[in-house]
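As given in TrEMBL:
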| type | residues | note |
| --- | --- | --- |
| COMPBIAS | 11-26 | compositional bias 'Polar residues' |
| DOMAIN | 293-347 | domain 'MIR' |
| DOMAIN | 358-414 | domain 'MIR' |
| DOMAIN | 422-480 | domain 'MIR' |
| REGION | 1-35 | region 'Disordered' |
| TRANSMEM | 62-83 | transmembrane segment |
| TRANSMEM | 103-122 | transmembrane segment |
| TRANSMEM | 134-153 | transmembrane segment |
| TRANSMEM | 186-219 | transmembrane segment |
| TRANSMEM | 239-267 | transmembrane segment |
| TRANSMEM | 558-579 | transmembrane segment |
| TRANSMEM | 599-618 | transmembrane segment |
| TRANSMEM | 630-649 | transmembrane segment |
| TRANSMEM | 655-672 | transmembrane segment |
Amino acid sequence: MDTDTFRRRNPGTQSSPRKNEQLLSKRQNENNEKDKNYKEVAYKPLNSEFNKFGSHYLKREFYFDVHPPLGKMLVGLAGLLAGYDGSFEFKSGEAYPDNVNYAWMRIFLASFGAGMVPLAYYTAIELDYSQQSAILVTLFVLLDTAYLCISRFILLDSMLLFFTCTTVFCLTKFHNERKNSFSIDWWIWLTLTGVSIGCVSSVKWVGLFATALVGLYTIEDLWDKFGDLSMPKIVYCQHWLARIGCLIILPISIYMLTFAIHFAILINSGPGDAQMSSLFQASLIGNNFNENPLELAYGSKITLKNMGYGGGLLHSHVQTYPSGSEQQQITCYHHKDSNNDWIVKKPREVAWSEDDEVELVKNGDLIRLLHASTGRNLHSHMIDAPVTKSQWEVSCYGNDTIGDDNDYWQVEVLDDMYEKDLQTVRSLTTRIRFRHKVLGCYLRAANAILPQWGFKQIEVTCDKSNNVKDSYTHWNIEHHWNDKLPPGPKAIYKSKFIHDFWHLNVAMYTSNNALVPDPDKEDILASTPDQWPLLKVGLRMCSWADDVIKFYLLGNPVVWWSGSLSLVIYLVLLTWYLIRRQRKYQDFPSDAQWNHFLYVGKICGIGWLLHYLPFCIMGRVTYLHHYFPALYFSILMVGFLFDHFTVYLAAKTRYIIYGATYFLVTAVFWFFKDIAFGMDYPASEMSNRKGEEEKIVQALKTNALKKCAPQIQEFVECSSGRMISVAWVCRSKLKLMNSCLKNFTTEEERDKLRLKYIASRKNQ
C-alpha cells in the first residue's frame with residue numbers, strides 16, 4: 001500500500017502530505033523497473049484498489065469486486081463529498097493531483113474506526129460491566145495500533161469493524177429489553193439489530209459471522225421461550241414473526257437494496273462487464289452490442305457466454321493440461337480478450353468456403369468451433385475432466401485440416417427471448433446447447449475452479465447427463481462479427497434485477513474461492529490464522545524506503561495477548577464451574593449471576609470463534625486484518641474477566657489494578673505509536689525484526705553472507721514467525737550475528753543484493 005494517509009503529527013518533522021506523496025512517487029518511479037521481480041519491495045496497493053472503486057461510482061462505470069457494494073459506495077460517497085470527480089486513476093506511485101482531497105476522504109472513512117470507541121464503551125455498559133471495566137475495554141479499542149492503522153487507510157475494514165460493533169451493541173440492548181417484549185424500545189433495538197447485520201453483511205461477507213452470532217442468540221432465545229409454559233401460543237408465534245421480519249427479511253432487504261443502488265449508479269460500460277450476463281451488459285451505456293449481426297452464420301466469429309450464474313466466456317490459450325489428454329486447455333474466463341473468439345465452421349466433410357453465400361446456422365446443425373487465436377478445434381473425448389471426474393474433458397485439438405469426429409458439436413436451440421419456435425441462432429437473445437456428436441454429452445461450465453496450472457479459471461467439461469434445465473449447459477452469443485451480415489436492429493435489452501443480483505453474487509463467490517495461496521510464489525503479506533492470536537506477524541503497509549513515511553500493521557501486544565489469554569481463562573473457568581455445579585457447589589450467589597456469566601461468555605466466546613475458526617478451515621489466502629473482528633470479542637472478554645476477578649476486592653485494590661492496566665496499555669501504545677501514525681525515519685532504527693533484517697541486508701553488501709552465514713542462519717531461524725518478541729527471545733543469537741556483521745562495511749549496489757537475501761532466506 002502507498003503512504004497516502006494522514007500526516008504523522010511530529011513537531012520535529014514538519015513535512016506536508018503532498019511532499020510525502022511526491023517523495024514516494026519519485027522513489028517508486030525510480031525503482032519500479034528494478035524491483036518488479038521482488039514482491040516484497042514493490043506490490044500493488046490495496047488502498048488504491050478501493051480508491052479506484054470509488055472512482056468507478058463517480059464515473060458510473062460498472063466494475064467487479066469480490067465484496068458486496070455498501071463499503072465501496074461509501075468510499076465513492078467520501079470522494080463525492082470531497083469534491084473528487086473520479087478522473088484520477090490511483091496508479092501505484094503517482095502523486096495525488098490538487099483536485100483529489102484524499103485527506104478528507106480518509107477522515108470520512110476513519111470516522112467509522114473512531115466510532116468503534118464509544119460503541120465499545122456502551123456495549124460494555126450494556127453487558128453490565130463496571131465503569132472501570134468499560135473504560136478498560138474502551139482503552140483497548142482506542143489504543144490498539146492495528147485498529148488505528150487500518151482505519152487511516154481507504155479500506156473496507158473500518159466500516160466492517162464499525163458495523164460489527166453496532167451489531168453487538170444493538171444485540172445487547174435488545175437482550176436487556178427481553179422483559180419488555182413488544183414495547184417501543186424492544187422493537188427499536190430488534191429492528192436496529194436487523195439493520196446492523198444487513199449493513200455489516202453488505203460491506204464484506206465476513207459480516208455473515210456476526211449475523212450467525214445473532215442467529216444463534218435468537219435460536220436459543222426462542223428455544224427458551226418455547227419451554228415457558230406460561231407464554232400463550234399466540235404470543236410465542238408473534239415472537240417468531242417479529243424475528244423473521246426484523247432479523248431475516250429486513251437484513252436481506254438491506255443487502256439486496258445495496259445491489260439495487262449499485263446497479264442504478266453503474267449504468268456505463270466498464271472493466272467489470274464480462275462478469276455479468278450478456279443481457280445485463282447490453283443494457284449498459286457504451287456497449288458495442290448494437291454492432292452484432294442479428295443471426296449466426298457459418299464463417300462468423302463469435303464469443304460464447306455461459307448462462308449459468310457466474311458464468312464466463314468460452315476461452316482457450318496455448319497452455320495444455322498437465323495430465324489427461326495433455327491437449328490445449330479449454331476454460332471459462334471473465335475477462336474479454338482475443339482468446340475468447342471462435343469461428344463457426346462446417347464439418348470438414350462438407351464442402352464449404354468463406355467465399356460462399358451466407359448460410360445461417362440452424363437448430364440441429366452440426367458445426368465445428370475453431371479457436372481464432374490458435375487455430376485448434378473445440379474437442380472432447382472419453383478422458384476424465386481434470387476436476388470434475390464424473391464428466392469428460394474438453395480440449396482444443398487439431399486444426400482446420402487435421403481432426404476427427406470428436407471436433408463436431410450439434411447446435412440445439414432451446415428458446416429465444418423475442419421469437420417463439422425460432423430455428424436460427426440470434427445474438428444475445430437465443431439460448432443454445434452444444435451436444436457432442438460422438439459422446440452425446442453437453443458442453444458445460446459450472447463454477448469448478450481449475451488449479452494454478454489453469455490460472456484459477458473455470459473448468460469446462462462435457463456433461464454425460466442430459467438435463468435440459470441445467471443452466472450451466474446453456475450458452476448465448478455475446479459478440480458477433482461477420483462482414484457479410486449487417487448489424488442487427490437496435491433494441492433495448494433489460495435483464496431482471498433478481499437474475500443480475502444472483503448472478504453477481506455467484507460470480508463474487510466463485511472469484512473469492514479462487515483467492516487461494518499460490519504454492520509457486522512466496523507472499524510475504526499473507527499470514528496464517530495460528531499466527532494471529534499471539535501477534536506473531538505484522539503487515540507492511542507501504543514502501544520501506546528510508547525517504548518515505550512508513551506504516552506497519554501490528555497490534556498492541558497488551559491488547560492482543562491479554563485478549564487471547566482471556567479466552568483461555570474463560571474456558572478453564574467455565575469447565576471448573578460446570579464440574580463444581582455437578583457436585584452441588586454454588587460459586588455464584590444467584591442463578592441470575594450464573595446466567596450472566598454464561599450470556600457474556602456466549603457473546604464474547606462464540607463471537608470470537610465464529611469470526612476466527614472459519615479462516616482456519618477455508619482455503620483462500622488470509623491476512624492479518626482478517627482477525628480484527630475476532631479481536632473485538634476477545635477485548636470484550638478481557639473486560640468481563642477483570643470484573644469477574646476483582647468484584648470482591650477492596651475498592652482501593654481495584655483502582656490500583658485497573659490503573660496499572662490503563663498505564664501499561666497506554667505505555668505500550670506510546671512505544672508502538674509510530675507504526676500507526678507513520679515513521680519518517682529509516683526502518684533500521686526500529687527495534688523489531690524489520691530493523692534487524694535491514695542489518696542483514698546491509699551486511700550482504702559484502703561477502704558477509706558467506707563469512708557470517710552460521711550466525712545469520714541461527715538468528716533467522718530463531719526470529720522466524722516472531723515480530724515483537726525477537727528482541728529478547730533471540731538476544732544471544734542477535735549479538736553473535738551483529739558482532740560478526742559489524743566487521744564488514746564495503747558498499748555494493750543494494751538492489752542487486754536483495755536477490756541474494758531472498759536466496760539466503762530460502763536456503764536457510
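A Cβ is built for glycine as well, from the same backbone N, Cα and C atoms used for every other residue.
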Summarise the domain 'MIR' (293-347) by DSSP state, stating how many residues are helix, strand and coil. 3 helix, 27 strand, 25 coil
Near the transmembrane segment (558-579), which residues from the same chain, at least 6 beyond its ends, have a CB less than 8 A from one of its CBs? 140, 143-144, 146, 533-535, 587-588, 594, 597, 601, 604-605, 608, 631, 634-635, 637-638, 640-641, 644, 664-665, 668
Are there residues at least 6 beyond the ends of the transmembrane segment (103-122) whose Cβ is under 8 Å from a Cβ of it, and what are they? 4-6, 17, 54, 74-75, 77-79, 81-82, 84, 134-135, 137-138, 140-142, 147-148, 150-155, 158-159, 161-162, 165-166, 168-169, 632, 635-636
On average, residues of the domain 'MIR' (422-480) score a pLDDT of 94
Secondary structure tally of the domain 'MIR' (422-480) (DSSP, helix then strand then coil): 6 helix, 24 strand, 29 coil
Using DSSP, how many residues of the domain 'MIR' (358-414) fall into helix, strand and coil, respectively? 3 helix, 29 strand, 25 coil
